[in-house]
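A short worksheet on the structure shown next.
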Amino acid sequence: MSTPTTPPRDAWARLRALTPARIALGRAGTSLPTASHLEFQLAHAQARDAVHLAFDPAPLQAVLQQRGRRSVLLHSAASDRHLYLQRPDLGRRLSDEAAEQLRGTTAVHGGGADLAVVVADGLSALAVHRHAGAMLEHIDALAAHEGWSLAPVTLIAQGRVAIGDEVGELLQAQAVIVLIGERPGLSSPDSLGLYLTYAPRVGHTDAARNCISNIRGEGLSYAEAGHKLGYLLREAFRRKLSGVQLKDEADRPLLGTDTASQAAPRNFLLPE
């Protein structure tokens, strides 16, 4: 009779407590355990639900009103969710009515603010519902501290990242921030993305934008995202650029400091 052998230790197992990522799932023969398989199906269903969840701007509008912030509710050129998913280009532009409404807002209240903020549902309205209000509070506090003027917050249904370029251009803002629901992952249906563009103009590519991703409770905190955004905005205004020419060095250690001299962490997969 053969002696039972102990399965090899999974080097990833202890990391499950540190991340919601699908690692160290175990196995049952050549397949996944039933529990892991069911968790996968649930995560997939949650991701699909997040994509199709309708954007409800009313609670965010109420919060902004309580803070004394003006907001404008707009719609992209994609008339519904089905068209939005089939035609990404329509989500990058305002509808004709929305563009005219924004021109009217600029004519009445004036343009030329330092910073315009756009909130768009993107591919996860759930992320916007959960995190946009708190992130806007950090942005407002940052702007107040730096003395930056703010345009009205624009809330956009069926919007994609590039729609911020048109909004920023119509508002004549120096820079635009887009808060948008990111494409849901299997462990993150509510991840909020933040995109910064200096001198926004229709036709900009992704190369002109800086991205701060995965803003959520289990990812990047609001405070950490605000810290990175503060660095990027200050540098964008100082250097008059954004995108690939502007690197996020907010946490870069300074030469000669204790932080810079610390040894690099060991690879946990290597033996001690």
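Cβ atoms are placed via backbone N, Cα and C, with glycine included.
As recorded in Swiss-Prot:
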type: BINDING; residues: VAL161, GLU182, CYS211; note: adenosylcob(III)alamin binding site
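Secondary structure at CYS211 (adenosylcob(III)alamin binding site), taken from DSSP and collapsed to helix, strand or coil, is strand. Other residues of the chain with a Cβ within 8 Å of the Cβ centroid of VAL161, GLU182, CYS211, the adenosylcob(III)alamin site, are GLY122, VAL178, ILE180, GLY193, LEU194, TYR195, SER213.
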